[in-house]
Amino acid sequence: MAETNHFNSVFELAEQHDGKQNHHPRVFLERIEKKTDVKAWVVKKVKKKCSCTTAKAKDLIFSFLPVLKWLPKYNVKENILGDLMSGLIVGILLVPQSIAYSLLAGQEPIYGLYTSFFASIIYFLFGTSRHISVGIFGVLCLMIGEVVDREIQRAGYDLDSHVYINNSSTLGPLTVNQTSQTLCDKSCYAITVGTTVTFIAGIYQVAMGFFQVGFISVYLSDSLLSGFVTGASFTILTSQAKYLLGLDIPRSNGIGSFITTWINIFRNIHKTNFCDLITSFLCFLVLIPTKELNERYKSKLKAPMPTELLVVIVATLASHFGKLKENYGSSVSGHIPTGFLPPQPPDWSLIPSIALDAVAIAIIGFAITVSLSEMFAKKHGYTVKPNQEMYAIGFCNIIPSFFHCITTSAALAKTLVKESTGCRTQISGVVTALVILLVLLVIAPLFYSLQKCVLGVITIVNLRGALRKLGDLPKMWRLSKVDTVIWTVTMLSSALISTELGLLIGVCFSLLCVVLRTQRPEGHLLGWVPDSEIYEPLPAYKDLQTKPGIKVFRFEAPIYYANKESFKSMLYKQTGVNPVWELAAKKKTEKQRENCGKTASTNGNQAETSVQLVTQQFEFHTIVIDCGAVQFLDTAGIHTLKEVHKDYGEIGIQVLLAQCSPSVRDSLHQGEYVKKGETKFLFHSVYQAVEYALCASKQNGCCVSEGQCRGKNHTEC
């Protein structure tokens, strides 16, 4: 292994021999020592946070309420037509969906309308995205519905009771001393549970915005979220199947509810209500083709056809005048009151039992909202503030929870409709809220005779986008096999186990995949691109050249405790020399020499029986490790590099490191891989390291003065 104290001289001679003037720095620059005065830093931060000026107060108010900043600049002439059109259309679409998703959350239809109304108004005040549609969302409704059913069972309510008592004075569970008040049945307790979950989820989201922990969303990759939504869509479809068939079966909860529900459906299939079945079939026959036409010709249509609303109106009229409930026993929505209920606080006693459930709901809600906000902001050339978006969606849950609303978030399908119909600003959300307000104040009671199977069909039809992801699996597999496996695991666990556990399993599996990908990364020998300073993998490109006596190896991952053995085994395999085995063979040979020497001395014939042992000569004398892809080293990684350096050095092969980042160089210095100020084993580029090795080994014909290059065996000058 070459050892020199005059790196600059040697490298300069290598440059002269190459006939080029390299502009790379020959030595590493001296790092600036960062001395942090903790006291001064704390004082500076406190002064900055606590200081109050007019400009700072104004910025704080405008950042907290973005509407104050953009609304005074609103261009009525340019924006009002698009905002009115998109708000009106989204409002029309939201009415039937809000009613349908209420059933999914285990609530009465009126609460879905409340939710969409308040969410649209509050996001108008706090949101920074101009295009997303915030309101009731199917996946979150499913998660809330599971919590609601579980708490209703714990409270001992009769799950077969479907009577709704519209009384605003009692929105909590019945107690013995409430004999003077109107009794509160299952529906009252259901909305109490729903609003409490919504309140806690909103608190979590605001806290995440305050502590700026939006980085949590990076653990929810696109493939993971897509798999989760698809898996939840299967669960939603399963929960609505009983309405399509008109079956009155209890809702299954917990692990394996997907399978349990289908078992109950097939056990009771003989009780199918044929009136509901025929109605469901006719609704599918109308909705699916028109939805497909809307998507296919969305670029030509000024607005999508409001087929859902037309189906709801026609189905309600048919049910009312045909007396389907009385004559055929069809299940209908029932009385939907007008107006608003007085505000009520959440049930604080429920918080301990639902606090953990609210975590998953909060994370899914803000992850979908933030990702959609950033996606449409990038598409239309403006910026959104992720932390403010978390505040906005948090307040869209906290404030409405006092007005009998359930958890909200952005939804892709309605956001796409909103964007495609000309939405320009958040004013569109106000128009949507006005449409829902009209329904709440006047039209809601007219939906009394609407069959629940129609709402189930609307819910299932809106799952088409998520279920269609199954057809994209072959394409996803070609793009990334790992993402496809993550998608499949998350989807299956969300559907077959439960939504909350499915999300947790998906996150854990995704992190495991990251670890495995760094644990078994790729490693290649590199070749030189002629007439350049570039080195590329030999298996990937043609016409690459190798320098005599030098192996260049690239490891495409950090070197840490989980992959240190993979690094060594890959290096040994690629170079063809395992220094551990070579050292063991050398020791064995030396031991044989000693034994033979003793035997010959005893017999007095040493010259004739002595074993001539020749040191193993390798086809290379230097290994250059390209560390450009090594983002970090832990303690195990440093020890591994030191071990490799030492083992190869003992068999006469020097190891040089190239393209180490400053943080990696710091780790090497702190781990005493090289002494402070010593740079002979570290190089800025692979090209520099190779030129140094060529000069030091005299393979390139360069002659170095004695004392400038000292080594052993083939590296001797």
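Cβ coordinates are placed from backbone N, Cα and C, and glycine is handled just like the others.
TrEMBL entries are annotated by machine, without manual review.
The average pLDDT computed for the domain 'STAS' (540-693) is 79. The domain 'STAS' feature in TrEMBL is assigned to 540-693.
Annotated transmembrane segment per TrEMBL: 80-104 (among others), in sequence order.
Residues of the same chain lying 6 or more positions beyond the ends of the transmembrane segment (110-126) and with a Cβ under 8 Å from any Cβ of it are 64-67, 94-95, 97-102, 132, 134-136, 191, 194, 336-337, 340, 388, 391-393, 395-396, 399-400, 403-406, 408, 426-427, 429-430, 432-433, 436-437, 439-440, 444. The transmembrane segment feature in TrEMBL is assigned to 110-126 (among others).
Under the heading transmembrane segment, TrEMBL lists 188-207 (among others).
What TrEMBL lists as transmembrane segment is 213-237 (among others).
Within its own chain, the transmembrane segment (350-370) has Cβ neighbours under 8 Å at 132, 134, 137, 139-140, 143-144, 147, 151, 154, 192-193, 196-197, 200-202, 204-205, 208, 214, 216-217, 220, 225, 228, 386, 389-390, 392-394, 397, 407-412, 499-500, 503-504, counting only residues six or more beyond its boundaries. Under the heading transmembrane segment, TrEMBL lists 350-370 (among others).
Using a Cβ-Cβ cut-off under 8 Å and counting only residues 6 or more beyond its ends in the same chain, the transmembrane segment (391-413) has close neighbours at 64, 102, 105, 107, 111-112, 114-116, 118-119, 122-123, 126-129, 132-138, 140-141, 144, 171, 191, 194-199, 201-209, 340-341, 343-346, 361, 364-366, 368-369, 372-373, 462, 465. The transmembrane segment feature in TrEMBL is assigned to 391-413 (among others).
Residues or ranges marked as transmembrane segment by TrEMBL: 433-463 (among others). Remote same-chain residues near the transmembrane segment (433-463) are listed as 87-88, 91-92, 94-101, 103-104, 109-110, 113-114, 116-117, 120-121, 124, 138, 233, 236-237, 240-241, 243-246, 276-277, 279-280, 283-284, 287-288, 291, 308, 311-312, 315-316, 319-320, 324-325, 330-340, 413 (criterion: CB distance under 8 Å, separation of at least six residues from the stretch ends).
Among the features that TrEMBL reports, transmembrane segment is placed at 484-512 (among others).
Residues of the same chain lying 6 or more positions beyond the ends of the transmembrane segment (80-104) and with a Cβ under 8 Å from any Cβ of it are 110-113, 115-116, 133, 135-138, 141-142, 145, 236, 239-240, 243, 302-304, 306, 308-309, 311-312, 333, 336, 406, 414, 417-419, 421-425, 427-436, 439, 447, 450, 452, 455-456, 458-459, 462.
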